[in-house]
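Engineer: First the structure, which I've put down as structure tokens, then a few questions once you've had a look.
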Amino acid sequence: MHHVDKDGQDKSMVNEIVIEEDNSEGSEKSDFKDSEIWTMTPQQSADLKALHESIRLGTAGIEEEETENQRNDEHITDNTHTAETISSVQSQPASFSISTQTSAATATTTTNIEDTRPAVGTEEWHRRRRESHKLVERKRREAINEGINEIARIVPGCEKNKGSILTRAATYIKQLKDEQVSLMEKASLEKLLSEQAITHLKQQLATVKEQMEKLSQESQTLKNELESTRSENSYLKRRLEAVEAREDSRSPGPSVKKLKTEDDSDKEK
């Protein structure tokens, strides 16, 4: 942009000079005095030609620079497009690339192991075998020691000696098994007794229900008998009242009074 502005300023300067030259020529035609004032010296003419040449060269340089910048921009765009294409291509077969790398790494590792493995029967082979055996034995002993220490933490009353720890653990396990058997037997017996008690209670409940049903029936029978007795008493009472009413309506004689007196005495007795 700086070069373009400079070019525009230079062009404006040239236009001003050309306008001044045209004005000077017109003034020479119109007025001789003005033509004498605006007459250019050879030195000024040479300077003007040099200025024109420098402006022309500057404009050409600016055009070349712009062309070069455009080419660079196109080159950058092409590189960016190429990079994006490569990135997309690399991202698509990711699993294939990973599997290929894994296979290559496995093959390389296997080759390295085969290369570093000594021949069978050599001293190096025996040495490595002894070291491997010692390592396995050490790990086995560490595992045993960890197990014994764990047993010592769980089983109460253990000593620091490994043999006593194992003996105590065996005794403790046997005691636990015996207690488990005893508890299972006790639980089975309690379950059996509970079932028997429940069965006996169910039987008693059924018997009580039967007795209640029987008593309820007897009570209903007695109620019915009482009701019938009351009805009979009421009927007899009404008949007695009717008989007495009829007797009262009649004129009672001495014999009747005598009978009543005898009846009253019998009732008092």
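Any Cβ shown, glycine's included, is placed from N, Cα and C.
Checked TrEMBL, it gives:
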| type | residues | note |
| --- | --- | --- |
| COMPBIAS | 1-10 | compositional bias 'Basic and acidic residues' |
| COMPBIAS | 26-35 | compositional bias 'Basic and acidic residues' |
| COMPBIAS | 68-78 | compositional bias 'Basic and acidic residues' |
| COMPBIAS | 79-93 | compositional bias 'Polar residues' |
| COMPBIAS | 94-111 | compositional bias 'Low complexity' |
| COMPBIAS | 238-250 | compositional bias 'Basic and acidic residues' |
| COMPBIAS | 259-269 | compositional bias 'Basic and acidic residues' |
| DOMAIN | 128-176 | domain 'BHLH' |
| REGION | 1-35 | region 'Disordered' |
| REGION | 57-137 | region 'Disordered' |
| REGION | 213-269 | region 'Disordered' |
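Give me the lay of the land around each of these features.
Structural biologist: Per DSSP, the domain 'BHLH' (128-176) is made up of 42 helix, 0 strand, 7 coil.
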Engineer: Quick one: mean pLDDT on the domain 'BHLH' (128-176)?
Structural biologist: 90
